[in-house]
Each structure stands twice: as structure tokens, then as C-alpha cells.
């Protein structure tokens, strides 16, 4: 499936897309892109979207689609995105991995967000 993932969509580990940095929206929710932060309920960490669809670009970054992976503290490939809508799709089923420089920035941001969350003891939702 190539359904587009949005801010607030859930994941296979019981997590959710925390925020989206793109400009495009669908039904008043921003589209998620590579590098955007994702909460993982299983490992209790904030990770990031590690893949995107190269046929749907928002501000030069690939938009995430259903089934693409999240990097967090879980084993690689076990944490995936779940699209909550079935109307907006990418043109074709294609996947690219996040570039190394973008992944490093996303990893640092996710670690900072995880640390801040633990220190504040605030719930995510």
C-alpha cells in the first residue's frame, strides 16, 4: 500500500508519529516525512522515520507511506508506520532509505526528545 502517513498516525509497536515537519496537509494533518519523530511504546523511546516514498516529495524530502520503517531502540525492521487514511496515496509503491546525514540529525533530535520526555515525566498524548 502507498497510503500516506500523517502526524498522529499509529505504528506497529503501539507508538505514533509525534510531529510532522512538511508543509503539505491532508484532512488538517501534516504529512509525515523521513526524519520526523515517532514514539515507540515497545522500547519507550522516540525514534524517527527511516524511509520515504520518492514519488511523493514535500519540501525536498520524501513523504512516508504505510509499512515504512521507524528507527528506535527496537530491532531494525520491527517498527513500521500505519496509515490512518486510505484516500491519499503516492504514485507508486517505492521506498528509499533516509540519507546518512539526515539520519544523524534525526537520531540526535530523537535522543534529545527522549531525554526531555524522561526528565519531565509528561505523557505524550
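Quick reminder: no glycine exception, Cβ is built from N, Cα and C everywhere.
Between the listed ranges 82-103, 104-125, TrEMBL ties the annotation region 'Disordered' to 104-125.
For the region 'Disordered' (104-125), the number of residues in each DSSP class (helix H, G, I; strand E, B; coil) is 17 helix, 0 strand, 5 coil.
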